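Undergrad: The structure that follows is given in the form of structure tokens.
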Amino acid sequence: MDFVLNTIQWLREVPRNFKGEVATVVFDDSADILVYCCVLYILLVFMVPEHIMKNREPFNLRLPFVVWNIGLCLFSICGAYSCVKNMTALYWERGFYRTTCFFDSSVAYDGEFAFWVFYFILSKIPEMIDTVFLVFQKKPVIFLHWYHHLTVAIFCWHAGHALIPSGLWFATMNYCVHSIMYFYYFMCACGMRKVIRPIAPFITMMQLLQMVAGTLIVLYTAYHSYLSESGCEVDRTSIRLGLVMYGSYFFLFAVLFGKLYLKKQVKPSGTASAYAMSKKRNGEKMA
């Protein structure tokens, strides 16, 4: 029992003792790591299915997939709890404008909040392992899936380098959505797709709302940076990247939502029916 309590106490102390210099070293001096990871990811998406897995049977990765998803779910829940708690306090103390446009190093550079934002950014690289499971199980990798993983890793790394205050909102929203999304994937991996399936439209809607909120926040910072006399300290390159990223995400998720849940289901027959059932079994649902 003492071991458990000591472990819990240690896990609480680690985020509180986090120093922002670690993030500075990673994001300022190690940008080449991001490049290597992105190149390997592109090779994974476009080369492995055709040249390595083409004539091979799919791997049975169910157990690793279960462990992977519950791990990301728990990580996201912890991050969501901390970020929501700290972001709420910061908002009530400073208001939306100062929270979004001005970086408070006393809150977001050291300590618990900074710890979870730092690991949120870093997590975008290992999250690419989602695609590894798809590729080696010979499941389809749709454009939205790999485009989202690739661009969000690049944007988040730049945000960590530029220390954009609006990124605190982005991290908080993403943690909340991912805590539910990865729980859904965990349940599906455990063979309970039929039980959990009714919440799938809700998850896609949450993702859409996240894109809307993200776009509005970027537009808000763009207005204060380019037009308002009050100004905004968010890096302008980050603003432009954010507009492209969130705008494209919203469009792609909206198309996916319409394709999955709004179009009338026409019962196919013959080969078309077999193809549709194959796609369903392969899990071509969400990014």
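The first residue you see is number 1, and the count goes up from there.
Placed from the backbone N, Cα and C atoms, the Cβ positions cover glycine too.
These figures come from a predicted structure and were not determined experimentally.
These came from Swiss-Prot, pasted as-is:
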ACT_SITE  His148  active site, nucleophile
MOTIF     145-149  motif 'HxxHH motif'
TRANSMEM  33-53  transmembrane segment
TRANSMEM  64-84  transmembrane segment
TRANSMEM  115-135  transmembrane segment
TRANSMEM  150-170  transmembrane segment
TRANSMEM  172-192  transmembrane segment
TRANSMEM  199-219  transmembrane segment
TRANSMEM  241-261  transmembrane segment
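Thinking about packing and proximity, how do these listed features fit into the structure?
TA: His148 (active site, nucleophile): 20 other CB atoms within 10 A of its CB, across all protein chains.
Helix, strand and coil content of the motif 'HxxHH motif' (145-149), in residues and according to DSSP, is 5 helix, 0 strand, 0 coil.
Long-range contacts of the transmembrane segment (115-135) within the same chain, counting only residues at least 6 positions beyond its ends with a Cβ under 8 Å from a Cβ of the stretch, are 14-16, 18, 20, 22-23, 26-27, 34, 37, 41, 44-45, 48-49, 53, 61, 64-65, 68, 72, 75, 78-79, 82-83, 108, 141, 145-146, 149, 152-153, 156-157, 159-160, 167-168, 171, 174-175.
Counting only same-chain residues 6+ beyond the ends of the transmembrane segment (172-192), those with a CB under 8 A from a CB of the stretch are 62, 65-66, 69-70, 72-73, 76-77, 79-80, 83-84, 87, 116, 120, 199-200, 203, 206-207, 210, 213-214, 283, 286.
Residues 100, 166, 169-170, 173-174, 177, 180-181, 184, 239, 242-243, 246-247, 249-250, 253-254, 256-257, 260-261, 285-287 of the same chain sit 6 or more residues outside the transmembrane segment (199-219) yet have a Cβ under 8 Å from a Cβ within it.
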Undergrad: Tell me, roughly as an integer, the mean pLDDT over the motif 'HxxHH motif' (145-149).
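TA: PLDDT averaged over the stretch: 96.
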Undergrad: Sequence-remote contacts (6 or more beyond its ends) of the transmembrane segment (33-53), Cβ cut-off under 8 Å?
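TA: Long-range Cβ neighbours of the transmembrane segment (33-53): 125, 128, 131-132, 135-136, 138, 141, 146, 149-150, 153-154, 157.
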